[in-house]
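If you look up TrEMBL, you'll see A:6-28, A:63-82, A:127-153, A:174-193, A:252-272, A:279-300, A:376-395, A:415-436, A:479-503, A:524-548 marked as transmembrane segment.
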Amino acid sequence: MGIVQIVAVILILVLLVKPVGTYLYYVFSNEPNRTDRIFGGIEKWIFQLGGLKNRKGMSWKKYAISFLSTNVVLVAFGYLILRLQGGLPFNPNGIGEMEQTLSFNTVISFITNTNLQHYSGETGLSYFSQMAVITMLMFTSAASGFSVAVAFVRGITGKESLGNFFEDFVKAHTRVFLPIALLVALTLVALQVPQTLNPTIEVTTLEGQTQQIAIGPVASLESIKHLGTNGGGFFGVNSAHPFENPSPLTNVIEILSMWTLPASLPYMYGLFARNKRQGWGIFSAMMVLFVLLLSLNFYAESKGNPAINAMGIDASQGSMEGKEVRFGIPQSSLFTAVTTAATTGSVNNMHDTQTPLGGITPLALMMLNNVFGGKGVGVINMLMYAILAVFLCGLMVGRTPEFLGRKIEAKEMKLIAIAILIHPLIILGPTAISFLTDLGQGAISNSGYHGLSQVLYEYTSSAANNGSGFEGLADNSTFWNMMTGLVMLLGRYISMIAMLAVAGSLLRKKPVPETIGTFRTDNGLFTGILIGTVLIIGALTFLPVLVLGPVAEYLTLR
Amino acid sequence: MEKVSKEATEQESVSKGAFLFSIVRLSAIMIILCGIVYPLASTAIAQVLMPSQANGSLLKNSEGKVIGSELIGQKFINPALFHGRVSSIDYKAESSGSNNYGPSNPDMLQRTKDSVTQWKTNNPEVPISRLPIDLITNSGSGLDPHISPASAQVQIPRISSLTGISKDTLEELVKKHTEGRDLGLFGEERVNVLKLNKDLLELQAK
């Protein structure tokens, strides 16, 4: 039954890819279509109020500056609210203002679509902050990432320009995130996720004790948290909390909410490239890597923890430490794989408690950072690997590599090399620094090899803008707030800007006609080479550290 | 010539100012739309159409008093009631969480061993080979309202001997409270401990 329900969810996803990808193409191709009639009115009004009547195509630099400036303004606003939340409205539980470095970490975390949380929502945020800062940044960071992805796709498929950032940014809100978020939020309420502004409830339990039950506007945050692949929970334990994720059905809805948009982007890319097979090729590469890593987690978690199984109890359910009964292994395993593949970072089971081999899955998916990937970033990263694969093949046969009819030359390869190398650098460097300092080491809560995994996970999650954690780590300190804050910033913006530059550079090149000698990028052979490239680069960079952490723990626990 | 370039820079600086002002205005619109209008509109619709779900699916006893939420687990120590899963936060729902013990963590292994020993003392009729793993492991949220049907069944002998209610009646009760998979496919079969105990207490009162 376990495998059947996993396959069922994957099938639903595959069925959704085509319609959703087509819709996204309609939204961002900027050609007149039926969706204009529904959304044109409100957009016109927003553009008018924003002084954006004139929306010309932008150069890559202008696009990057618009994207960055908007993010800076939003972050500044968010920081102010967090520092002042004690005196602002919608604060029935009387929560005070947030400390400086924690506020810094929190706004960076949400604008970079990471949603690493060093606070606990129930006790650290007023309802106003949950809405005007957290929910708002969940929308805007997702829309920002989406816009950059669309611009990148326009660049490499040779449209007239990269497009206009503000137009993409607004359309991502009005035509994608806001309407779908409202729909999903109300569906979740129907399935018992709370949505209220009332304060914490106090009840007397069956055994006569007092129980305080934290509650709030959960559903509206929950839906955009997944749709925007954000992942920051309303409550400390995120989607493991019965109010955030009360049943297996809500679990499936949340999985599909975070998975469908990133999985549809390759199809949208295929439409932009006027070659759907290109899109399916990229999608297949992602799906193959996903299924491989999901299987590892499902197998390891079903088999359970040998140390506990040895106690002679009935362990047929698998490793249940840190998991919820309603989800069991299949729904937990699938959620873990999707949330780290799509770099959402919400969790419905505690990744820290997973078996050593099971814990490799979330780590590896974030290290690769291109298997579906977060709002927009995944498809950019996978296309970057596609260009690298073309380049490697070009080297082997001694031809100038081409991608979609454009020559790949030194400038693009340098930018791609920067984007590929920055990711391991900001994971492994800070991990090493943390082990060299007492400030870093002091946070580790599980001794031995697992401690290494905890620190490694924290930085991998920050760099991949995922936001889940091996949450035993005591990470709310100045050291961890600042370190992970910087890693999140670098992880988000360096590769995005580099890839916008690649798109800008490719856009200016003259297309070369396709000949018999052209290396095709829309067949099974190329998909295979792409998977190989991703795995080889990933293994070369991260295998040694994985051996020191989870693999060593597995060997000692066996 | 000079005049022209000066004009051009002036125009550029004006447009730069306008550009920044546009960004601030656009951000303000998005803050209001996504941060205020959207959550408040969702709240309003939810409260009007689905007030019971929107307010936490609260559970009332026969006298109409709220005894908890059907979604949030409670702590049960009375041996004559069904027990839920291990919770390091003792089901204190003003926060949530668990210890995040890694699989090789010595504290976790010790806690599990202690649970097994305790089980042997309190449930002499049921061998530990039948003790399901979910009953002695910490849930992720620390608030898990459910246990597996097997975990409810193995507690029946203890509860039956303490309350005098027949095993068959208790079997019936557990069966009544066993929820199937969602849509017959998703998730696991489970028993809500709070609802089960509520019925058990009503049964005892009769």
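Backbone N, Cα and C atoms are what each Cβ position is placed from, and that goes for glycine too.
Ranking A:174-193, A:252-272, A:279-300, A:376-395, A:415-436 by CB pairs under 8 A with the transmembrane segment (A:6-28) puts A:252-272 at the top. Ranked by number of Cβ pairs under 8 Å to the transmembrane segment (A:279-300), the listed stretches A:63-82, A:252-272, A:415-436, A:479-503 are led by A:252-272. By number of Cβ pairs under 8 Å, the transmembrane segment (A:252-272) is matched best by A:376-395 from the list A:127-153, A:376-395, A:415-436, A:524-548. Here the transmembrane segment (A:479-503) lies next to the transmembrane segment (A:376-395) in space: the count of CB pairs under 8 Å, restricted to residues six or more apart, reaches at least 3.
Residues of the same chain lying 6 or more positions beyond the ends of the transmembrane segment (A:127-153) and with a Cβ under 8 Å from any Cβ of it are 28, 60, 63, 67, 70-71, 74, 77-78, 81-82, 85, 88-92, 98, 106-107, 110-113, 115, 121, 162-163, 165, 168-169, 172-173, 176-178, 181, 197, 216-217, 220-221, 224-225, 227-230, 232, 234, 261, 265, 268-269, 272, 374-377, 379-380, 383, 496, 499-500, 502-503. Counting residues 6+ beyond its ends, the transmembrane segment (A:63-82) has Cβ neighbours under 8 Å at 88, 97-98, 103-104, 106-108, 110-111, 125, 128-129, 132-133, 136-137, 140-141, 144, 147-148, 151, 162-166, 169, 493, 496-497, 500-501 in the same chain.
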